[in-house]
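Quick look at what TrEMBL annotates:
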ACT_SITE  His256  active site, proton acceptor
BINDING   Tyr26, Tyr131, Arg166, His256, Arg259  glyoxylate binding site
BINDING   79-81, Ser108, Gln129, Thr157, Lys232, Ser254, 287-291, 310-311  FMN binding site
DOMAIN    1-361  domain 'FMN hydroxy acid dehydrogenase'
Amino acid sequence: MSMEITNVCEYEEIAKRKLPKMIYDYYASGAEDQWTLKENRNAFSRILFRPRILIDVSNIDMTTTVLGFNISMPIMIAPTAMQKMAHPKGEYATARAASAANTIMTLSSWATSSVEEVASTGPGVRFFQLYVYKDRNVVRQLVKRAERAGFKAIVLTVDTPRLGRREADIKNRFTLPPFLTLKNFEGLDLGKMERTDDSGLASYVASQVDRSLSWKDIKWLQTITSLPIIVKGIMTAEDTRLAIQAGVAGIVVSNHGARQLDYVPATINCLEEVVKAARGQVPVFLDGGIRRGTDVFKALALGASGVFIGRPVVFALASEGEAGVRKVLQMLRDELELTMALSGCTSLKEITRNHIMTKTDMPQTLSRL
């Protein structure tokens, strides 16, 4: 019997032992030198707490609303591709775990389970992540299927006009294992997207992402769906203002898990700039590097309305299936609750910028840390 898992990071080691190298590397790696991959984590360690004491913290409320949906905590599941590579139940297990935790799951359009299959697992608030393809008819069909399956928002990934250079995947000659397929593309009229075999389909679909995607396409997307559109992959004030002008319903500050452009800052270091530019007009969320309840608290203190977790889900899935994903959500929830109690916050709205200090707030002696 292995030692009891006491934190989210421990699942990565287990996943590394369990998974074939090609699959572990696909989930774990970042772009090029992987500087941003490390920085997504390291940046959190440079933010320190200013806890307030002697506050009655016998009742702590972590509930929140996202786009009008009530959830149990500000921790949601980010879209990650091809989860059946991690575990045979894949996205089914993730959907059930999210639903049990009363939080939101985002399904990748490159999932190994379809929107209908995920919907069949039972009730739950689910968002659908979308890439825009050269063939707009394919996009139309994907969005319609997500709508019909009861998905509540479109999360449009906007940082991927081309796939980043992930050298582990090049070395491993990454392909989708032969017994899996990208289920959301099955049964679509792929038109120009001629069908190859299933592992060919994955690289083919990736090659069909539209490099010409621009702000006008967000306007077009609004004409084909009534679902709210959240844009994922914004890191600057300038793009935040443009997104709000385009009428988006929310923003995810994301660097694609450090898998796209290397040497962009950690998302936690871009968050405050985006939040200030958004001026409360739309909610701002964060993904990238969340492994502890303290990380969640820091994001909330810098103005995030909630966070999304990606790799912790696939690593827990690989380790223990649905039970692993449930445990990750529970551990992060428990840690956030403890951090709130020890910081003197009894609800999310009480978490303020004054509860943390970043390098810019620190006296000289401390900033040398």
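Each residue, glycine too, has its Cβ placed from N, Cα and C.
Nobody curates TrEMBL annotations by hand; they come from automatic prediction.
If you take the Cα of Ala81 (FMN binding site) and the Cα of Arg259 (glyoxylate binding site), they are about 13 angstrom apart, rounded to a whole number. Rounded to a whole number, the distance between the Cα atoms of Tyr131 (glyoxylate binding site) and Lys232 (FMN binding site) is 11 Å. In this structure the C-alpha atoms belonging to Gly289 (FMN binding site) and Tyr131 (glyoxylate binding site) are separated by 22 Å. Cβ neighbour count for Arg166 (glyoxylate binding site) (all protein chains, 10 Å cutoff from its Cβ): 23.
Taking the C-alpha positions, the distance from Arg166 (glyoxylate binding site) to His256 (active site, proton acceptor) comes to 12 Å.
Here the C-alpha separation of Tyr131 (glyoxylate binding site) and Arg311 (FMN binding site) works out to 19 Å. The Cβ of Arg259 (glyoxylate binding site) lies under 8 Å from the Cβ of Ser29, Gly30, Ala31, Gly164, Arg166, each of which sits 6+ residues away along the same chain. Candidates Tyr26, Gln129, Asp287 (binding-site residues) were compared with the residue listed as 'active site, proton acceptor'; those inside 10 Å Cα-Cα are Asp287.
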